[in-house]
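Peer 1: What TrEMBL shows for this protein is this:
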- Asn58, Lys59, Arg60, Asp61, Asn124, Val125, Gly126, Lys127, Ser128, Thr129, Gly168: GTP binding site (BINDING)
- 300-312: compositional bias 'Basic residues' (COMPBIAS)
- 14-172: domain 'CP-type G' (DOMAIN)
- 288-312: region 'Disordered' (REGION)
Amino acid sequence: MAINWFPGHMHKARKEIKQVMPQMDLIIEVVDARIPFSSENPLVPALRGEKPLIKVLNKRDLADPEITEQWRAWLEKERGVRAITLTHNQRTEALSILKLAEEMTPDHDRQKSALRVMILGIPNVGKSTLINTLAGRPAAKTGNEPAVTRAQQAIKLPNNILLYDTPGFLWPKLSPEACGYRLAVTGAIRSSVLDFEDIAMFEAEYLLEVYPELVRARYGFDELPKDGLALMDGIAAKRRFFGRGGVPDLHKVSEVLLNEFRAGTLGRISLETPEMVEHEAREAAAAAAEKAALDEAKGTKKGARKGRSGKH
């Protein structure tokens, strides 16, 4: 099942970006280092063309360092793409992006004209904070709620670089479904899009499978719970989160799981790996091929029935 989440202002932003993209010399896309695939926008390759692209894996300090390095190498396999990892709000690190932008556009004479750079990023990956760090001043609105930036703006940076900020936007369908849940776990889409407790359950299952020792250490389990629901019930018991009649308050547990993940309290965690998304892509392609074959078979049968009825 694909998750639909495409507010009207984001549709407008996509059209505006498509119009100005041909004027750009280089593209910067900011992604969340914990979900580099789920937080990238698949529309970017189509809009970018052959322009150089810098992938900024932001919030590196919250992600699993070994997996982040896997992602950096994987992303740079694509022609014209360089990947750089950042810790949130580190100005020295952030300024290395501008140096890299200059290196990737050696034929551009910045004495004659500004280097025009477009910066893209889905909501809540830290794009606006990064812009303010690069500019050395408040130049873009920031906030914890998705979709703070709603209009394009041009920002002057050192070394005659003109940075075009764009509204954060997602694609019309979040597919596969796991991408939608990963985005929701990190806070990139509003909790109202998916059931709040379902989001936490997705996280709980993943943590048990991939980071069991972090779960054990943080929540004090001698023996790990058997599944996500048991984990949430166990946290409720340890934190004494109960509703009427002693029923575990899973909403409170969900808040704890999601907030502690987002703040890095649980540890440095990545929600996806290159190997994982490649496997998901193969599964999606196989499912699409199977559906296409079924649709074709249905169409053939329908055509045959029409042919027989036309003979009478």
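Including glycine, each Cβ sits where the backbone N, Cα and C put it.
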Peer 1: Quick one: mean pLDDT on the domain 'CP-type G' (14-172)?
Peer 2: 87
Peer 1: Of the residues named as GTP binders, Asn58, Lys59, Arg60, Asp61, Asn124, Val125, Gly126, Lys127, Ser128, Thr129, Gly168, how far apart in Å are the Cα atoms of the most distant pair?
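Peer 2: Greatest Cα separation within the listed binding residues comes to 22 Å.
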Peer 1: Can you tell which of Gly126, Gly168 has the most other C-beta atoms within 10 Å, given these are the binding-site residues?
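Peer 2: Result for the most crowded candidate: Gly168.
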Peer 1: 10 Å Cβ neighbour count around Asn124 (GTP binding site)?
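Peer 2: I count 23 other Cβ atoms within 10 Å of it.
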Peer 1: Reduce the DSSP letter at Asn124 (GTP binding site) to three states and note it down.
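Peer 2: SS state of Asn124 (GTP binding site) = coil.
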Peer 1: I want to check the contact list for Asn58 (GTP binding site): same chain, sequence separation of six or more, C-beta distance under 8 angstroms. What comes out?
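Peer 2: Result: Val30, Val31, Asp32, Ala33, Leu86, His88, Val125, Gly126, Lys127, Leu130.
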Peer 1: What is the Cβ neighbour count of Ser128 (GTP binding site) at a 10 Å cut-off, with all protein chains included?
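Peer 2: The answer is 23 other Cβ atoms.
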Peer 1: What are the non-local neighbours of Arg60 (GTP binding site), defined as same-chain residues 6+ apart in sequence with CB under 8 A from its CB?
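Peer 2: Once residues fewer than 6 apart are set aside, Arg60 (GTP binding site) is near Ala33, Thr68, Thr85, Leu86, Thr87.
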Peer 1: Helix, strand or coil: which one is Gly168 (GTP binding site) in, per DSSP?
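Peer 2: It is coil.
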Peer 1: According to DSSP, collapsed to three classes, what secondary structure does Arg60 (GTP binding site) have?
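Peer 2: DSSP assigns Arg60 (GTP binding site) to helix.
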